[in-house]
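Visitor: Questions regarding the structure given below will be posed in turn.
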Amino acid sequence: MFVPRPLLRTVLPVAAFLALWALAFLLVTNSYYRLVLTIVPIWAVFGLAWNLLSGYSGLISFGHASFFGLGAYAVALAFAEWHVSPWIGIPVAGLLGCLAGVVIGVPTFRLRGHYFALAMLAYPLALLHVFLWLGYQEVSLPMRREDGPAFMQFADARIYGWIAVALLGGAMALTIAVERARFGLSLIAIKQNEAAAEAAGIDTWRTKLVAIVMSGGLASAIGGFYAVILLVVTPEAVFGMLVSAQALTVTMFGGIATPWGPVIGSVVLIPLSEVLQAELGATIPGIQGFVFGAAIIAVVLVAPEGVFWRVADALARRRAPPAPEASAVEAPTDAAPPRTQPAADAPVILEVRNLSKSFSGLRAVQQMSFAVRQGEILGIIGPNGAGKTTVFNLLNGFLRPDEGEILLEGRSIVGWRPHKVCRAGAGRTFQIMRPFPRLTIADNVMVGAFARTRTLDEARAVTADALRLVGLDRDVRQLAGGLTNLQLRLMEIARALAGQPRILLLDETLAGLGAPEVEVLLVVIRRLAARGITIVIIEHTMHAMVRLVDRFIVLDHGALLSEGAPADVMRNPAVIEAYLGKKWQRADA
Ligand SMILES: Nc1ncnc2c1ncn2[C@@H]1O[C@H](COP(=O)(O)OP(=O)(O)OP(=O)(O)O)[C@@H](O)[C@H]1O
């Protein structure tokens, strides 16, 4: 279960590393090497800023130089034009970076994958030309000899190094705090499967916005400090391609989605590229770009997730006992508690009126109306392409209907985003399973628990209950990537359950399972119904469905063909013709 490592075990190595780095300034006397020692933490902080957005949420940014450059220019211009000390300028630059996060994030989050990455690339390129056009080809920070320390100017160069180390400590602490909070787990869930995260109740848009705001703020603040070190700011030095590449490379080399990644990457790559630049820069121009290019190729080939994870995985393999073999059927097969069919006058929990949805001329759902009563198990059946999954996508907010009403407990939910529908009490599973493969079973389920819980402890309790209910409470630490089909189906149900739904939409939950596994799932579904959860299930496995559901609705070509008790629907000639086929009629006779 999402139990962060003990705080002391996380913080002690960080504190030890920072102390050693700070100590190095006492031992190194060469001013050039001192400068390199100062620059390493600066790029590490910039990498940590990139990591907060791209490492944890998976939204790869090729344009973090926009934040860095804005911070650098904010500090330099405030100092040069209005005599504002960097002590004030750097926090203000941080705030400016947060604002830039909103301005950049709001339009750019409409794009996904490569399109997002490329759109991010456009911002620093545009800003570079804006600053050139404004005439800020070169902004120098004035020297203040009389009151230097008040303006972050020190005769003792080691002080810059110690400030850089302090900033690195702050950035690592921020990253650790994010990792240990539900916010961090939400970001990782988004990275692994954004649709599943949204359906599990996470407001993915808001979560990503908070991430880019934090990331932008940190990148701008460290850009501001970089200006203090450089003393001269030029557009190419702070908005250039190499700057964005640097954040990305140090993190990808060191390890994404860990506070140590950007630190490892900077400690290895920055001194290497600086020394090569100093020694060979005159004969081989652009040697720094070569070092970063080579680092990226090495990472892709040897350790796609970075050095940290390569070492961590190797150590974990050594230490961990062999993983238990996943058995075919390990969930409970004991009988579900008896349940009585809901009364005919039980309150309606979900009502659909005249629902329609077309995809460029194809009428996937047409004028559909039906209601589900509290405590009912409703089966939705129909031939392939009849519109069953589209109905679910309309119900949980993945699609917006062209016309019609959807009422959940009397409230219209048309136009609501999936996380809101989930929080309102409608959980869902998917036809194609959408686990978060690098999370454990427990963490997969815990993500669902965030929808309606306030504290981590509460979320843990709800998660444990959901896992018990589906019978997965023994396997909680297994990674979802290596589960059997049955375990995956159960885990998906548990994740939906952790959102404490009053109605659960199950999309082909029995698909691809053998007869014994189907029996396990039937027990689990009946158990949920006995708990008072209303179930709507899409399924083709008719022999199981007739034993499970109270009522069927049958869809054909996007329209409602028939509706009623299983025995009646099975005998309906129109249903036999459109879906069941003559074979079923003979078997039934
Ligand atoms: N996003 C989409 N864009 C275009 N067409 C779509 C989209 N989603 C579904 N369709 C089409 O709408 C129709 C209904 O699809 P849907 O997936 O709802 O059927 P289904 O009854 O769930 O089928 P199955 O039993 O095979 O899962 C199909 O013809 C499908 O190709």
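In case you wondered, yes, glycine gets a Cβ from its N, Cα and C as well.
Note that TrEMBL annotation is computational and uncurated.
Got these off TrEMBL a minute ago, pasting:
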- 350-582: domain 'ABC transporter' (DOMAIN)
- 6-28: transmembrane segment (TRANSMEM)
- 35-53: transmembrane segment (TRANSMEM)
- 59-80: transmembrane segment (TRANSMEM)
- 87-109: transmembrane segment (TRANSMEM)
- 115-136: transmembrane segment (TRANSMEM)
- 157-178: transmembrane segment (TRANSMEM)
- 209-233: transmembrane segment (TRANSMEM)
- 245-270: transmembrane segment (TRANSMEM)
- 290-309: transmembrane segment (TRANSMEM)
Visitor: Taking the transmembrane segment (59-80) as the reference, which of 157-178, 209-233, 245-270 gives the largest number of Cβ pairs under 8 angstroms?
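Guide: Comparing 157-178, 209-233, 245-270 against the transmembrane segment (59-80), the winner is 209-233.
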Visitor: With pairs fewer than 6 apart in sequence excluded, do the transmembrane segment (157-178) and the transmembrane segment (245-270) have three or more C-beta pairs that lie under 8 Å?
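Guide: As far as Cβ distances go (cut-off 8 Å, pairs 6 or more apart), the transmembrane segment (245-270) and the transmembrane segment (157-178) touch.
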Visitor: Which listed stretch (35-53, 115-136, 157-178, 209-233, 290-309) has the most C-beta pairs under 8 A with the transmembrane segment (6-28)?
Guide: 157-178
Visitor: Find the member of 87-109, 115-136, 157-178, 209-233, 290-309 that has more C-beta pairs under 8 Å to the transmembrane segment (35-53) than any other listed stretch.
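Guide: Per the Cβ count, the answer is 157-178.
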Visitor: Counting CB pairs under 8 Å, which listed stretch among 87-109, 115-136, 209-233 touches the transmembrane segment (157-178) the most?
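Guide: Comparing 87-109, 115-136, 209-233 against the transmembrane segment (157-178), the winner is 209-233.
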